[in-house]
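The structure appears below as structure tokens.
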Amino acid sequence: MLGFSALIGIYFGCFGSKQNSAREYLLAGQTMKVFPVAMSLISSNISGVTIMAAPADIYKYGANYIWSLISILLTSLACVYIYMPVFLKLQLVSTYEYLEMRFDKKIRTLASTLFTLQVLLFNPIIIYLPALAFSHVTGLSVHIIAPTVCLICIFYTTIGGLKAVVWTDTLQTSSIFICLLVVFGLGISMAGGFLNIIKESYDGHRLDVLDFDLDPTRRDGFWAFIIGCTVSWIVDISINQSTIQRLMAVPTINDAKKVVFLFCIGTITIKAFTTFAGIMMYAKYSKCDPISSGQVTHSDQILPYFVMEVGGQIPGLPGLFIAGIFSGALSSLSTTLNTLSATFYSDFLSKCMPPTITEKEKSNIFKLIVIVAGILCTTLVFVVEKLGGIFELTVSFSGITAGSLVGLFTLGALWGGIAGLLFNSWLVLGNQWYKHKGLLKDSQKPFSVENCTMFVNTTLNFVDEVKEEPFVMYRITFWYYTFFGTIVVLVVGLVISYFTRTSEHHVNPDLLSPVIKCLLPKQKESIANTNADFNLKNPTKRDGFWAFIIGCTVTWILDISINQGAMQRLMAVPTISDAKKVVFLFCVGTITLKAVAAFVGVMMYAKYSKCDPISSGLVSHSDQIVPYFVMDVGAQIPGLPGVFIAGIFSGALSTLSTTLNTLSATFYSDFVSKWVSPTITEKQKSNVLKITVIVIGIFCTMLIFLVEKLGGIFELTMCFRGITAGSLVGIFTLGILFPSANAKGALWGGIAGLLFSAWLVLGKQWYKHKGLLKDTQKPFSVENCTIFVNTTLYNVSGITIMAVPADVYRYGANYVWTGISVLLTGLGCIYIYMPVFLKLRLVSIYEYLEMRFDRKIRSLASVLFTIQMLLFNPIIIYLPALAFLHVTGLSVHVVAPIVCTICIFYTTIGGLKAVLWTDTLQAVCIFVCLLVVFGLGVSMTGGFVNIINKSYDGHRLDVLDFDLDPTKRNSFWAIVIGTTLYAMVDVTINQSTMQRLIAMPKINDFKKAIFLLCTGTIIVRALSIFTGIMIYAKYSECDPILSKQVTRSDQMLPYFVMDVGRQIPGLPGMFMAGIFSGALSTLSTTLNTLSATIYSDFISKWTPPTITEKEKSNILKIIVIVAGTFCTALVFVLEQLDGIMELVLSFGGITSGSLVGIFTLGVFGLLFNSWIILGNLWYKHKGVLKDTQKPFSVENCTMLVNTTLYFVDEVTEQPFVMYRITFWYYTLFGTIVVLVVGLIISFFTRASDHHVNSDLLSPVIKCLLPKQKEVQSTQTPLLL
């Protein structure tokens, strides 16, 4: 997988068009076809977080993750109809240029900063995951793997540009699907069949997904997924630089729509597979938990442990598994690096460049940005290694910036974005602080080591009195981080816009979403005096329905509708129709994958309902449950572990290459371009982009070592992303949906959203660290375990292929509600965001913020995106490395750098085309991996009926939780709301998504892409969810965690794969291929997008006007390399954390809420989310805050269980109630803060001459505005 990705990068960098112009490097010449762009979007948004961390999270917390499928659909719709039309019409290189057009330069800079921050937080996680999987499979150190992977990703991202990113993504998507399918099939077989998986997962409470409690502290509630995920995905899809890059890479808007459609389908499919993987692993280890029994040390190792256990003896299976993990990491890393280079150059460097800079010089700058960003991300991997669950970490960190970005793009105001950033930072960091203190814990599902055959040493903690309760906002589930960040941006932005409005304020209609333009009153003068009336229970539940519906939708808005990488891909197709097709395919694919992931989770529980691998010590971390499951059920099947590894690596490579590609574009466009001379050549631009990919890739590689130290990958992902996602969604939403929003409102809304998200995420993680905050896990058992077990409680989760099944295994199948978020996100992308972006035809979606507000808003959004990608990528890298560790025994420290290196390589040299095609390959790998694990898991866990029965008995199917309590982890509302907003970050306002959609020639293709995206996402999530319950069915009587067979819940899937397929030749390899496919796809996408963002929003302002296209390309490549390196470094930090899935959502929520809020309204959402997220992390760190896991069992474990009792007289601190809010809501809160602050400031600072170009408004709003004589647009007419 790494070799093919590198070859693709070499082809497009040396023998193809050679990426000597910024246009060729970032938009692939806008000649890309729908299918590779859609596959690129799928793989870049899947990554190893989905493949490894999500199953591990499902293994621990249940299958509530299934609700994220709804978020994907909602985000895809928002991308196609709200955000994408604006960006594609304007035809901007950086989506953050929109913010400058809509507001002013400050807003653009703010958004670009948010994006850069997002990438730098996200990429190390992407890198860490495949390195973790590789380490688990091979024993090779993460510290060796992460830098190697990052270097490869930086290499192909730097020299190949977007074409290399797209084609490597295509390759990696194939690997991901193959990995998922193999793990799925083998897992079912080894977990006693489908019915046994369902039964074990149900008995283990992994299918308790009908949780409609509105409590935002519920970790995985329905509303947390629907709201939080949707808002978060808006950042990744609708306003994401990499997404817009891809959407613009197709010739027409129709092609862009097709891309989104295919993306939706593919993503749904993968997430479905990973969800099932989670329950499948639980079914496998329901009686001997590998974590409890000490067979894995981290929950994120559960999937590699599963793979090695079920397929370790199957020739090629560990390799397949590793390939899948690495594919996801490389895709995401290369995409983010590519996008970051464009963003950074456009919004930061371009202003410093001379007017004579040539295109070649610009290209060189892009490449340099890729290199620097890659190196930075590689470094951060070592930080990620030290954190908790990758899934929550990803969502949480993303939520810090995502909410502000969504708010900035939706409102488009400075202060709203700042407010969203500050709010989300507070929220995420507060949450993580309390988790670190142990005052905040997610309630995991029960585990068992009763069937473990080894001796089990169980440590029990008795707490007489709790004096300190984490602040309630820190208890909010990480799914809401992006949503809250978006809300903060919108509220602050609108308020500031109102009070600062002027009579001459006018907004170009092209800067508004078609949805808004339809609502604007028709008049002859201006739309300034339009009075459009936009009248607007427990969020602490971890995986409630509303947490998924709201949180996931908002989060996905960032990833799809306003994501630079997403827009890059949508613009890579020729028409808007093609872009819509891309979104459609994305929706279908994503829903499928997430459904599979959710089922894998319950399938794992069905497998281990009587021997929990975590409790029995078979895995040391919940994120290892999927590899453990794969190895358990398919280790004897030749090639099965290899298929699994291939799937994991495919997801990682796809995401990594996408983020590297996107980040390079963003970084160049928003940071570097301002410093280059006007004479810079296209070749110079290309070189700058490549340098950006390399730097970011190296940085992400370094961050892997940090990710390794953190908790569950799934929650880690959501936490990290939540820091920025809310602000990004809020900023873009301000600009697109609120004509009254102005630059000041967007600025302060975005800042508020970021600070709020960071506070929320870090606060919650602090309480979790203190042990004061814990998620309620489902019960586990080690009664059937046969090995020695030393039990330690972990508050972790995972991401789709590995983390989702592990999360379903632990917390139940509530993740199934994310399917609603996927659908909502797809609709939002198509009808609200996408029309704006496609009409504008922006290379960077952050250009929109500059058009809508001013340069500051664009820079803010770019910074949020950069932060989000740099936090997210190490998680993506870590998961496949973790799976590889479990399958091969190779250290995460060895695997992660290798994956990053390959991803950086093909992202750097291949550009968007390499990312797209590697994404396509990796998407196939992911699906194959999920299906194999699915089939084998069902077979090995006693059949489908046995899986369902065990999952039902284990309470893994308790998904009908409609409690409105926001502190419930996985309630229906938490999942639907949280994942919808989160998905909006990934789909609607995601640079990488827009990159791909804009790359298509027609709008119909764009819609098709969104549809396919939603479909694929739902399928993958469904597979992941079933994998989770399948694993539980396998280990329902011997929990691998409690029996110490795994040390982390994220290791459940690899453990499961090796357990059931070890003897199957090729199965471990197939599993690894799927894991690496997801990681590579995400990594390459984020690197590609990050390079574009950094260049466009930071570097381009410093480049001379004479800079050549080749120089630009080189700068983009450098950005990819630096970002990739940085993300690789963070993997080593991520290794120290636990629960990847929650980590992903929490960290993502720091920025996602602000991004959604900035794009949707405005400015103060980031402060809110940062406060909640950081508070939550703090209380979790202290142990005060814990998620409620489902019960586990070790009664059937065959090893001796030794129980050590600890008597604790009292706990002196109780987390603040906000820190108990489930992470699904982080992006939502960030978005709300941005919108509220932004609108308030806009109102009080409005000017009488305030006018907004109708092209900068969503079609939804424009149709409400009075008819007027619009200013003639100078943009290139859009092909229909």
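Just so it is clear, glycine is given a Cβ too, placed from its N, Cα and C backbone atoms.
The model shown is predicted, which means the values in this text are computed figures rather than measured ones.
If you check TrEMBL, you get these features:
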- 65-88: transmembrane segment (TRANSMEM)
- 109-134: transmembrane segment (TRANSMEM)
- 140-162: transmembrane segment (TRANSMEM)
- 365-384: transmembrane segment (TRANSMEM)
- 544-562: transmembrane segment (TRANSMEM)
- 582-606: transmembrane segment (TRANSMEM)
- 688-707: transmembrane segment (TRANSMEM)
- 719-739: transmembrane segment (TRANSMEM)
- 745-763: transmembrane segment (TRANSMEM)
- 784-804: transmembrane segment (TRANSMEM)
- 816-838: transmembrane segment (TRANSMEM)
- 890-912: transmembrane segment (TRANSMEM)
* the transmembrane segment (140-162) vs the transmembrane segment (688-707): three or more C-beta pairs under 8 Å (separation of 6 or more)? -> yes
* Is the number of Cβ-Cβ pairs under 8 Å between the transmembrane segment (688-707) and the transmembrane segment (745-763) three or more, considering only pairs separated by 6 or more positions? -> no
* Result, the transmembrane segment (816-838) in contact with the transmembrane segment (582-606) (3+ CB pairs under 8 Å) -> yes
* Of the stretches 65-88, 365-384, 890-912, which racks up the most C-beta pairs under 8 Å with the transmembrane segment (544-562)? -> 65-88
* To do: Count the Cβ pairs between the transmembrane segment (109-134) and the transmembrane segment (65-88) that lie under 8 angstroms and are 6 or more residues apart in sequence, then report whether there are at least 3.
  => no
* Asked: Between the transmembrane segment (65-88) and the transmembrane segment (745-763), are there three or more C-beta pairs closer than 8 Å, counting only pairs 6 or more apart along the chain?
  -> no
* Near the transmembrane segment (365-384), which same-chain residues lie under 8 Å Cβ to Cβ, leaving out any that are not at least 6 residues past its ends? -> 22, 25-26, 119-121, 123-125, 127-128, 131, 142-143, 146-147, 150-151, 153-154, 157-159, 161, 333, 337-338, 340-342, 344-345, 349, 353, 390, 393, 660-661, 663-665, 667-668, 672, 676, 680, 684-710, 716, 866, 869-871, 873-875, 877-878, 896-897, 900, 904, 907-908, 1087-1088, 1090-1092, 1094-1095, 1099, 1103, 1107, 1111-1137
